[in-house]
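*Asks:* One structure follows; several queries about it will come next.
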Amino acid sequence: MSESHLFIYFEPGEADFFLIFARVSKEYYAPALGGIMLSIGIRLSIDDFALAFKRPLPLSVGYIAQYVLKPVLGLLIAKIFRAPSMFYAGFILTCCVAGAQLSSYASFLSKGDVALSILLTSSTTISSVLMTPLLTGLLIGSVVPVDGVAMSKSILQVVLVPVALGLVLNTYAKAVVNLIQPIMPFFAMACTSLCIGSPLAINRNQILSSHGLMLLFPILTFHLVAFVLGYWFAKFPFLRQDESVCRTISLCTGMQSSTLAGLLATQFLGSTHAVPAACSVVLMAIMGLCLASFWGNGSRIRDIALLI
C-alpha cells in the first residue's frame, strides 16, 4: 500500500483527544512555556547564583556538554540517519536548546547533585537567549533562514522574563511563593502537556507516515548517546568528577527543554518542524526517569555488563 493511500483509524475517544489539542492555537504556546519557566524561577535565589561561582568546574563541564557536545552530536546523528527534510531543522533546533527542568527531579531520584542540576538548568536557560539562536544559525542557517535576533527576543520574553519574575517573587514575596508553589508542578505539567499535545495532534498524519516513523530512530539514538556521553565526559581523567556529579551531568545532557524547541520551531520554522521536539519530550522523559530510577535503586553503570 502506498503512503498516499495509508489511512489511520482512531477510536472515538482517541479522536476526541486529538481534536481537542488540534484546536489549540499556537498563540498559547508562549504563555504556556512562560508558565513552565516561572515554575523554575520561584525555586531560585541569589544564593544559588553565588554558589555557581564556588563550583565553576562541574558547572562548566555540564555547560559544555549542553551547548557543545549535544549540538555536534545532533548534527552527526541527523546526517547518519538522513533525517527527513521536513523534520531536519526542527531536530537540530531541539539539540540546541537549554536543559530541561525535569532533569532536576530526575537528579533527585538518581541520588545525584540536585543543586548542581538546578544551577545548570538555570544557567543554560538564561543563556539560551544568546546560545540557541547562535547555534541554530550556525548549524541550520544554510538549510532554512533563521532570524537570530527575532529568536533571541522570543526567548527573552518566554524564558528570561518569567524566570526573573520568579526570582524576584522568591526573594521579595515569600508569602506569595509559599501560596502558589504547591500547585506549580501541576500547572507546569498542564503547560507541558499543551506544548506537547498540540504539535503531535496537528501533525499526527506526518508522524504516522513512513517519514515520521523514521524520525524515532534518530531521536532515540540522540538521547541514548547524550546520556552516555554526559556521564563519561564528566568521568574523564582530567575532570574526575564525583559519581553524583556525573549522574547529574548525564541527566542534564540527555534531557533538554524540548518545549522551548517546539515553540521556537512553530514560530520560526513551521509547525511540522515542531514534531521532533514534541516526540523528544516524551522519549527523553521516559528514558531519563528510567535511568534515574536505575541509579536511585542503588545500581551502577558497571552493573549493566553483569545484567547482560
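Glycine is treated like the rest: Cβ placed from N, Cα and C.
Remember, TrEMBL labels are computer predictions, not curated facts.
So TrEMBL lists these for the protein:
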TRANSMEM  28-46  transmembrane segment
TRANSMEM  85-108  transmembrane segment
TRANSMEM  114-143  transmembrane segment
TRANSMEM  155-173  transmembrane segment
TRANSMEM  179-201  transmembrane segment
TRANSMEM  213-234  transmembrane segment
TRANSMEM  274-295  transmembrane segment
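Walk me through where these features lie, including what they touch and how far apart they are.
*Replies:* If one looks beyond the transmembrane segment (85-108) by at least 6 residues along the same chain, the residues whose Cβ comes under 8 Å of a Cβ in the stretch are 36, 39-40, 62, 66-67, 70-71, 73-75, 78, 114, 116-118, 120-121, 124-125, 127-128, 131-132, 135-136, 139-140, 143-144, 159, 188, 206, 211-212, 215, 218-219, 222, 247-248, 251-253, 255-258, 260-261, 264-265, 269, 272-277, 280, 284-285, 288-289, 291-292.
Residues 30, 33-35, 37-46, 98, 122, 125-126, 128-129, 132-133, 260, 263-264 of the same chain, all 6+ positions outside the transmembrane segment (155-173), place their C-beta atoms under 8 angstroms from a C-beta of that stretch.
Sequence-remote contacts of a segment are chain residues at least 6 beyond its ends whose Cβ falls under 8 Å from one of its Cβ atoms, and for the transmembrane segment (213-234) they are 58, 61-62, 64-65, 69-70, 73-74, 77-78, 80-81, 83-84, 87, 91, 95, 207, 241, 245-247, 249-255, 275-276, 279-280, 283-284, 287-288, 291, 301.
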*Asks:* Would you kindly list the residues that approach the transmembrane segment (28-46) from elsewhere in its chain, counting only those six or more residues past its ends and only Cβ-Cβ distances under 8 Å?
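*Replies:* Same-chain contacts beyond the ends: 101, 118, 121-122, 125, 154, 157-159, 161-167, 169-171, 177, 180-181, 184-185, 187-188, 191-192, 194-195, 198, 259-260, 262-263, 266-267.
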